[in-house]
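Enquirer: Sharing a structure here in structure tokens format.
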Amino acid sequence: MGARLIDGKAQAAIVRAKVKVAAGELAARLGRPPCLAVVLVGADPASEVYVRNKVKLTKAVGMTSIERRLPETIDQATLDATLTDLNENEEVDGILLQMPIPAHLDTDRALSLIDPAKDVDGLTPISAGALVLGRAGLVPCTPQGAMILIQSVLGPDLSGRTAIVLGRSILVGKPLSLLLQSANATVTMAHSRSPDLPALCRSADILCAAVGRPELVRGDWIKPGAVVIDVGINRVIEEGRPRLIGDVAFGEAESVADAVTPVPGGVGPMTIACLLRNTVLAAARQAGEAIPHDL
Ligand SMILES: Nc1nc(=O)c2c([nH]1)NC[C@@H]1CN(c3ccc(C(=O)N[C@@H](CCC(=O)O)C(=O)O)cc3)C=[N+]21
């Protein structure tokens, strides 16, 4: 009841349509389509699904993709060599190392080897630093997708609005806080140790939940008329069936918020659309070409 639904599937389709035009323009100038390389270590079933989906959507927007599948048991040197090989491959514009990688491998080391120019996940120290410093760089996909959803409701300028981000992960919470601040919102970075989370949340015009705790955010945590962005994707079993639920109690949020993202169909589809967008941006920048179209 009440709140508008923020349609992540529809917004992702808009982003992909723009990416498709841009990829076409760029392909004509480069003499080949932009190319995304996906590195998958091991055979985690959830990762397999994501990677298959990414490859399918990459082709659908007129780009190419290559996959490097490595066995669960590889050593760090093999992973490192795979990444540096892709760095040097001039046919590859973007590199994505699918997370998580097996525990015996060093994630930080692997990420820091990726050429920042090809870092379509925005997770290398150089990309993270560029975001902090407000310089041009590749922005992590999930927070970028969340921003597009927020701005689809509130417009590009968030001046005068307060925002709270629950969660301080490198992947989502930290970069999303910085992006909100760049768009002129006044941002609170909250987390599990923050005092009185419900009251903090209730003061925010924009509430972003990225903590990975199913339905942590209740209706009475939400300021009436707020925009609620649910970044959580929690797999739960309900009545014997697997189901995806967010970090926000959706039914309760609906009767308080002005607009709210569903799970699934909210931020998730935006993540992949923004990955494709980053691949085009990376291809253009490396070739010294202008960013095609209005991306
Ligand atoms: N290097 C790296 N980059 C990532 O961006 C990355 C990763 N590793 N590892 C795993 C997580 C997870 N992730 C999702 C992307 C899309 C949906 C998505 O589209 N979800 C659909 C539902 C899909 C379903 O039903 O399972 C939705 O929310 O509507 C979900 C999760 C990207 N990740």
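Just so it is clear, glycine is given a Cβ too, placed from its N, Cα and C backbone atoms.
Here TrEMBL flags 6-121 as domain 'Tetrahydrofolate dehydrogenase/cyclohydrolase catalytic'. The domain 'Tetrahydrofolate dehydrogenase/cyclohydrolase NAD(P)-binding' annotation in TrEMBL covers 140-286. Residues or ranges marked as NADP(+) binding site in TrEMBL: G167, R168, S169, I233.
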Enquirer: Using DSSP, what is the helix/strand/coil residue split across the domain 'Tetrahydrofolate dehydrogenase/cyclohydrolase catalytic' (6-121)?
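Expert: Its residues divide into 62 helix, 18 strand, 36 coil.
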Enquirer: Based on DSSP, tally up the residues of the domain 'Tetrahydrofolate dehydrogenase/cyclohydrolase NAD(P)-binding' (140-286) by helix, strand and coil.
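Expert: Counting residues by DSSP class gives 58 helix, 32 strand, 57 coil.
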Enquirer: Whose Cβ, among the binding-site residues G167, R168, has more other Cβ atoms within 10 Å than any of the rest?
Expert: G167
Enquirer: So what sits near I233 (NADP(+) binding site) in its own chain, CB-to-CB under 8 Å and at least six residues off in sequence?
Expert: L244, G246, V263, P264, G268
Enquirer: So how many other Cβ atoms are close to S169 (NADP(+) binding site), meaning within 10 Å of its Cβ?
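Expert: I count 18 other Cβ atoms within 10 Å of it.
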Enquirer: Measuring Cα to Cα across G167, R168, S169, I233, which the record gives as the NADP(+) binders, how far apart are the two most distant ones in Å?
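Expert: Answer in Å: the longest Cα-Cα distance is 16.
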